[in-house]
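Let me begin by presenting the structure, written as structure tokens, before commenting on it.
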């Protein structure tokens, strides 16, 4: 790992430590720089905004969660597969609730940042059956609306999964 990568990793680790201790909104980039033992400008040269720190940190953790879910995915039906992944993902978002809310608050208007990942996830769900873009979009709508509702009303994972299962039961695939 070169010095630039090491500095980036150091900044990200310091940010996540402070986010966990103080909360995202209460943590400043100046505090992150001090904790990472770098200049504030160095933080901005690696991460143009505090949101970028949040996004990258969550993405790393999300990738680990998706890898775990993928390792136990033996289902064929896209609806069943979505429920399988949702079990892992809803738990992840609930464990990172403050960060998840902040991220979705920002990303709701920057959806293009997620398009490639969402498209890949849709294809994952349908990789063992015929891909139907309309059905894939509908599954994502159900998944995300259930997630947002669950984060908003502070539901637990089981309630969220039950709500998603009930919605998916209305869709014929």
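Each residue, glycine too, has its Cβ placed from N, Cα and C.
Nobody curates TrEMBL annotations by hand; they come from automatic prediction.
On a predicted model such as this, the values are computed, not experimentally measured, just so you know.
As stated in TrEMBL, the feature DNA-binding region covers range 28-47 out of the listed 8-27, 28-47. Across all of the DNA-binding region (28-47), the predicted model scores a mean pLDDT of 96. In terms of DSSP secondary structure, the domain 'HTH tetR-type' (5-65) contains 49 helix, 0 strand, 12 coil.
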